[in-house]
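Engineer: One structure, as structure tokens, below. Some questions next.
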Ligand code: PHE
């Protein structure tokens, strides 16, 4: 394989473009919707610490590994993995890791799109003044009525899928880059505003204590698995999304530095969302463990009662939807890139097929909040099952394989060449983490959950 190989799907126009796109992929519903509600369900502080450790010791090294594998292979994750396995004289079966990613991305997008659809519905609710002066009960009812209506949810889910397909069909340089440029700063500003509001609620300290005062007695094996799974989810790891973005990365760019930046921004957004939300929860006697509806039942109260809340409410949900969009495009990109490479169909057709299939599976999530809410497999609704299966099992398994591949299978010369660290010690640290620490941690968490430890 030549070392200056280029991707047939195009290349990022600059380092900033890659950072924006990868941050766009990482920052999404995971940070603003999911992180606060799982932190709430798992008792706060101690969970947050475990999550931060997972980001640092597991997420970051694997993010670097995924990016460097992607850049070396320059194709969809499936074909990249088989080429690199070939290069390392390893078993061609490694390309199944790529497959695993395509399947996980597809399953995640099916429910991600439904939740993003709730976000679009809330843009309109905010616009129509639905939150103005509202108290906790009214806001809760608003959310429940959306949950109980399959038709409304299907409508918004369809719109979100359509927009995703439209953006993805325009390709790397056209669609993906432009969508994220104004997003991050905007999101950051509104989150700061919400934090400022949270400070005025009188329960700010209580919220902060909940989020940062660890009580390790609340930590169970399941909570650790959830925290670890979320580290993968929030950094978009284990599905080939970062790998496929890495494959469009020009050769001159430092992978380590960009990865640290991206993981840092992602973590900051999640923590800010938590800091904004929990004081509102306590001030309004809401439940910390409210589950997937948490942000939809808390933030509207803030918008309904703060100066300028009408405008900020609209802006917030618009930004949330855009953040979801910049993630959803990366969830489907591995599948689309593969269809284009292997099935000889053009990007547009690939998008239509992948999008339609995702849309259909998404209906299962819609129904799990209403008509099928009693239908349980392994004691979980379809939505819960998809979420558990992907975030807690498939992503960590995918990430584990990536770590083993980068740490044990790839020739050290090749990975070192791809990383081109300015100091050899950086490479040594990364290699140690990715060979021993990350895979061992994933393995131990799994053992613990199945009850072996
Ligand atoms: N990281 C995204 C988020 O936090 C979700 C995602 C997961 C995107 C996996 C791509 C791949 O919302």
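Just so it is clear, glycine is given a Cβ too, placed from its N, Cα and C backbone atoms.
Any TrEMBL annotation is an automated prediction that lacks curation.
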Engineer: Select from 96-124, 125-153 the stretch of residues annotated by TrEMBL as transmembrane segment.
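Structural biologist: Comparing 96-124, 125-153 with TrEMBL, transmembrane segment matches 96-124.
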Engineer: So, taking each listed stretch (12-33, 45-65, 96-124, 219-248) in turn and counting its Cβ pairs to the transmembrane segment (352-373) that are under 8 angstroms, which one gives the highest count?
Structural biologist: 96-124
Engineer: Does the transmembrane segment (310-340) make contact with the transmembrane segment (219-248) through 3 or more Cβ pairs under 8 Å, each pair 6 or more apart in sequence?
Structural biologist: yes
Engineer: With a Cβ cut-off under 8 Å, give me the same-chain residues at least six positions beyond the ends of the transmembrane segment (96-124) that come close to it.
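Structural biologist: For the transmembrane segment (96-124), the sequence-distant neighbours (Cβ-Cβ under 8 Å, at least 6 residues beyond its ends) are 28-29, 33, 76-82, 146, 152-153, 155-161, 164, 233, 238-241, 243, 292, 296, 300, 314, 317-318, 320-321, 324-325, 327-328, 331-335, 338, 354, 357-359, 361-362, 364-366, 383, 386-387, 389-391, 394-395, 397-398, 401-402, 405.
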Engineer: So, does the transmembrane segment (260-282) come close enough to the transmembrane segment (393-411) to give 3+ Cβ pairs below 8 Å, pairs being at least 6 apart in sequence?
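Structural biologist: Contact absent: fewer than 3 Cβ pairs fall under 8 Å.
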Engineer: For the transmembrane segment (260-282), which partner among 45-65, 219-248, 432-452 gives the most CB pairs under 8 Å?
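Structural biologist: If we count Cβ pairs closer than 8 Å to the transmembrane segment (260-282), 45-65 scores highest.
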